[in-house]
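Since the structure comes first, as structure tokens, the remarks are kept for the end.
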Amino acid sequence: MEGDVSIAGLATSLALVGVAAAISLWQRLGLERRILWAAARALVQLLLVGAALALIIEEGRPLAWSWLWVVAMVAYAGDVARRRAPEVPGVMWLAIAAFSAAAIISLGVLFGFGVLPLEGRTLVPLAGMLVGNSMTATVLVARRLVEELRDKRDEVEARLALGHASQQASTPYLRTALRSAVTPQIETTKATGLVFLPGAMTGLILAGVSPTDAVLVQAVVMFLILGSVTTTAVVMALGLIRRLFTSDHRLRWLPRQAET
Amino acid sequence: MSDEQGLFAFHDVVVERQGIRALNGFSARIEGLGVTGLSGPSGSGKSTLLRLCNRLEVPTSGQVLFRGDDVAGLDPLTLRRQVGMVFQKPTPFPGSVRDNLLAAAPDAGMDELEQALLRASLDGSWLDRDATTLSGGEAQRVCMARTLAMEPEVLLLDEPTSALDQAAVEIFEQAVSELVKAGLAAIWVSHDTVQLRRVADVVLRIDDGRYAGTDRIEHGSPAEEV
């Protein structure tokens with residue numbers, strides 16, 4: 001294939017990591033060890049994932065292995081969300097629920113309507129795009145919602161004191177949090193093709209696929225991501241509201257995150 | 001209302017948060033005639049006691065009764081519409097004064113909205129004003145009008161004038177006085193004993209989370225300790 005990269009080519013590309021490390025040394029940023037470590041770690045991770053993917057998605061393998069991979073990916077993403085937003089109560093399980101909901105809806109549409117064939121080689125990468133691209137929005141909406149309800153506690157309690165149920169009392173803050181989480185993806189979607197060429201499309205073109213076919217695949221991926229970002233954000237936000245209020249419509253105590 | 005049961009009754013109420021006791025075995029009864037003041041030093045548990053009345057807070061142990069019924073068994077949303085609350089810090093919601101009043105009474109007509117404003121010493125001309133650009137005193141009266149728009153039976157006032165200037169304090173006190181004359185029961189938390197002697201008919205003293213006595217105020221004469 002035209003896009004094949006040889007071992008020598010890979011080694012040559014590492015020179016670019018050297019450039020980054022050299023700039024760090026030159027400007028005394030103290031980042032050179034971290035740059036080298038990040039590059040080495042990424043390479044090892046990619047090689048391991050590549051080997052595992054080759055085992056799982058190669059023709060003839062049962063599809064169950066690919067689904068298992070997706071489940072593991074969702075579970076790991078839940079753990080990443082927990083580490084990124086430790087101040088958000090129950091964030092891991094909420095994130096797992098949010099990614100699962102997005103996977104069921106988005107993959108259900110793509111495979112259920114036959115947009116793409118349901119195979120390991122389509123399922124695993126699409127689920128990866130879905131989870132990876134929804135992570136930022138999921139964490140952002142959770143953090144923002146907790147922040148809004150904590151900082152505007154007086155206002156929230158004033159609404160509760162008017163006999164508003166917790167869902168109603170939290171609606172303005174929920175909307176703010178959802179808008180802030182979903183807007184970046186809308187902007188990215190708008191700018192696609194004009195400001196930057198997305199990774200999936202670039203990868204396909206480099207691998208020798210015709211630009212027209214690459215664009216079609218990319219469009220599907222973009223819509224998958226937009227739908228997933230919105231779904232994960234809304235599931236996370238609605239789930240979080242249930243965690244942050246008691247069943248008798250009181251706002252729970254929300255400690256301020258320790259300064260780091 | 002049953003005179004025997006009083007408006008609110010507290011039986012050995014403990015409220016503990018993060019290991020700190022805000023109320024420590026508080027027992028007392030609030031008759032609910034006129035204005036009942038709650039006085040005590042900062043951190044004595046006055047605001048916590050008030051928040052138990054509309055279930056923004058629940059006791060760790062003990063019992064809070066509203067007209068003889070345990071508030072734990074009442075629907076909190078119905079209770080909060082019966083027992084309105086004005087907070088220490090004015091909290092106007094974004095939007096116009098009309099939007100604020102409609103948040104409390106979505107089905108209210110023009111007459112009801114104007115009536116709520118009048119009861120808070122405001123008038124109908126305020127309806128279209130931006131609620132977030134008002135002065136502290138104005139915003140607090142809008143918040144009171146918002147609470148009154150849901151026609152509560154009891155008004156809880158949590159240090160409502162602590163952030164207001166003297167002129168605004170007088171207007172606010174006068175508005176509450178008119179409401180009480182019209183039959184509304186009010187419970188007013190303040191650390192300012194001079195103010196409570198001015199506005200309250202009876203003052204419950206709280207100290208260190210416990211009931212510390214009741215003063216009946218004879219307006220125009222010194223307080224009588226009970």
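A Cβ is built for glycine as well, from the same backbone N, Cα and C atoms used for every other residue.
Heads up, TrEMBL stuff is auto-annotated, nobody curated it.
According to TrEMBL, the feature transmembrane segment maps to A:6-26 (among others). Sequence-distant contacts of the transmembrane segment (A:6-26) (same chain, at least 6 residues past either end, Cβ-Cβ under 8 Å): 32, 35-36, 39.
The transmembrane segment feature in TrEMBL is assigned to A:38-57 (among others).
What TrEMBL records for A:63-81 (among others) is transmembrane segment. For the transmembrane segment (A:63-81), the list of distant contacts is 52-53, 55-57, 91-96, 99-100, 103, 118-120, 123-124, 127-128, 131, 135, 138-139, 142: same-chain residues at least six beyond its ends, Cβ to Cβ under 8 Å.
The transmembrane segment annotation in TrEMBL covers A:93-116 (among others).
Marked as transmembrane segment by TrEMBL: A:122-142 (among others).
The transmembrane segment annotation in TrEMBL covers A:191-209 (among others).
TrEMBL lists A:215-241 (among others) with the feature transmembrane segment. Beyond the transmembrane segment (A:215-241), the same-chain residues lying 6 or more positions past its ends with a Cβ under 8 Å from any Cβ of the stretch are 88, 90-91, 94-95, 97-99, 101-103, 105-106, 109-110, 115-116, 126, 129-130, 133-134, 137-138, 140-142, 145-146, 166-167, 170, 174, 177-178, 181-182, 185-186, 189, 192, 198, 200-201, 204, 209.
Counting only same-chain residues 6+ beyond the ends of the transmembrane segment (A:38-57), those with a CB under 8 A from a CB of the stretch are 14, 17, 65-66, 69, 119-121, 123-124.
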